[in-house]
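Below: one structure, written as structure tokens.
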Amino acid sequence: MSIFDVAVWDEAEHCARMLDQRRLPNEVVNLYYRSAAEMADGIRDMVVRGAPAIGCACAYGVAVEAKRLAKQGIPSHWPTAMAEGMATLRQSRPTAVNLTWALERMAPLLETTPPHEVPQRLLQEAHAIREEDIASCRAMGAHGAALLPTNSQRPTVIMTHCNAGALATAGYGTALGVIRAAHTAQQGNLRVIANETRPYLQGARLTAWELLQDHIDTTLITDNMAGWLMANGEVDAVVVGSDRVAANGDVANKIGTYTLAVLARRHDIPFFVAAPLSTVDLRCPTGREIPIEERSANEVTHCMGIRSAADGVKVRNPAFDVTPAELITAFICEKGVAKAPDQEKIAKLFQI
């Protein structure tokens with residue numbers, strides 16, 4: 001068992017297992033899931049987060065639902081039997097396109113697999129999705145590491161936002177995969193600035209913890225310090241992940257990403273986005289069509305369970321924002337790199 005096993009199949013318990021990321025970094029706790037409804041609750045409640053990891057969790061959610069139904073007797077028509085559970089999973093996090101991608105990959109198997117083999121076949125496909133994601137992350141890490149600047153006078157300093165690492169994927173990470181690969185390529189001569197990422201503190205709780213596990217020099221800042229550090233020449237590049245990429249290269253990512261992209265452009269700092277092609281939604285023409293999840297006001301008014309805002313104040317809590325493609329230096333995926341991404345360049349990545 002790896003400490004970064006965020007969404008896997010537990011052979012001993014015969015069900016899905018997820019690392020409860022809400023408890024990090026203070027506790028390492030695993031939770032177990034035996035139905036699609038339970039898995040959807042786990043996804044919605046952010047036990048797991050990060051688009052690729054959500055996709056893996058969703059796939060295992062389909063597998064556990066089939067296993068649950070099979071215990072009651074093999075359904076005469078699997079698509080009908082699975083419809084409610086799959087709909088529940090689909091609605092759990094609307095912005096992360098990998099969730100829908102995983103469901104659409106699993107659904108045809110309900111029609112084409114002999115009925116008695118469906119539960120095992122779905123589990124095999126969930127395993128395949130997980131293994132493919134790990135390989136994808138390592139490939140984009142190699143592509144991205146070659147793009148990052150080097151600094152002969154001091155360690156290269158990379159800023160990142162939210163958590164796009166092993167905890168947000170099946171393993172290794174997208175943005176942090178690029179950072180891990182660059183750290184190796186530059187023989188450790190690299191530092192990371194992790195934005196704390198209000199209001200859920202994924203940068204402080206997850207990214208800082210994850211990078212420290214790998215002994216990568218990491219400095220934590222509050223989100224509103226980023227511009228000052230850029231203005232003072234303390235940042236060489238910004239690398240982030242994505243929850244959905246539109247066909248034209250616009251990117252939805254954790255709220256605050258757009259702000260960083262604008263600041264990076266102002267200070268001539270390269271701004272990179274790393275995500276697998278499964279995160280690209282070719283049916284979504286531009287970022288304007290990406291649904292933006294609005295989460296609970298409590299995430300803003302409370303911090304680690306303690307109220308920090310005036311009682312009765314109104315709250316906005318969009319979980320994501322959209323960064324226009326024109327602000328992105330390059331989009332990095334497992335197939336390669338699209339510099340100054342646009343619709344034509346994104347489409348070409350699917351042809352490699």
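First residue shown is number 1, and so on along the chain.
Cβ atoms are placed via backbone N, Cα and C, with glycine included.
Residues or ranges marked as active site, proton donor by Swiss-Prot: ASP243. According to DSSP, ASP243 (active site, proton donor) is assigned to coil rather than to any helix or strand. In sequence order, GLY50, ALA51, THR95, ALA96, VAL97, ASN98, ALA252, ASN253, LYS254, THR279, PHE320 make up the list of same-chain residues 6 or more apart from ASP243 (active site, proton donor) whose Cβ falls under 8 Å from its Cβ.
Under the three-state DSSP scheme, ARG93 (substrate binding site) falls in the coil class. ARG93 (substrate binding site): 25 other CB atoms within 10 A of its CB, across all protein chains. Taken from Swiss-Prot, the feature substrate binding site covers ARG49, GLY50, ALA51, ARG93, GLN202, ASN253, LYS254, and the record attributes it to sequence analysis.
Residue environment of CYS162 (site 'Transition state stabilizer') contains 28 other Cβ atoms, counted within 10 Å of its Cβ in all protein chains. Look at Swiss-Prot and you will find CYS162 tagged as site 'Transition state stabilizer'.
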Rounded Cα separation (Å) that holds between ARG49 (substrate binding site) and CYS162 (site 'Transition state stabilizer'): 11
Three-class DSSP secondary structure - ASN253 (substrate binding site): strand
Neighbouring C-beta atoms (10 Å sphere around the C-beta of ASN253 (substrate binding site)): 28
Site diameter for substrate, Å, by largest Cα distance between ARG49, GLY50, ALA51, ARG93, GLN202, ASN253, LYS254: 17
Inter-residue C-alpha distance, GLN202 (substrate binding site) and CYS162 (site 'Transition state stabilizer') (nearest angstrom): 5
Integer Cα-Cα distance in angstrom, ARG93 (substrate binding site) to CYS162 (site 'Transition state stabilizer'): 17
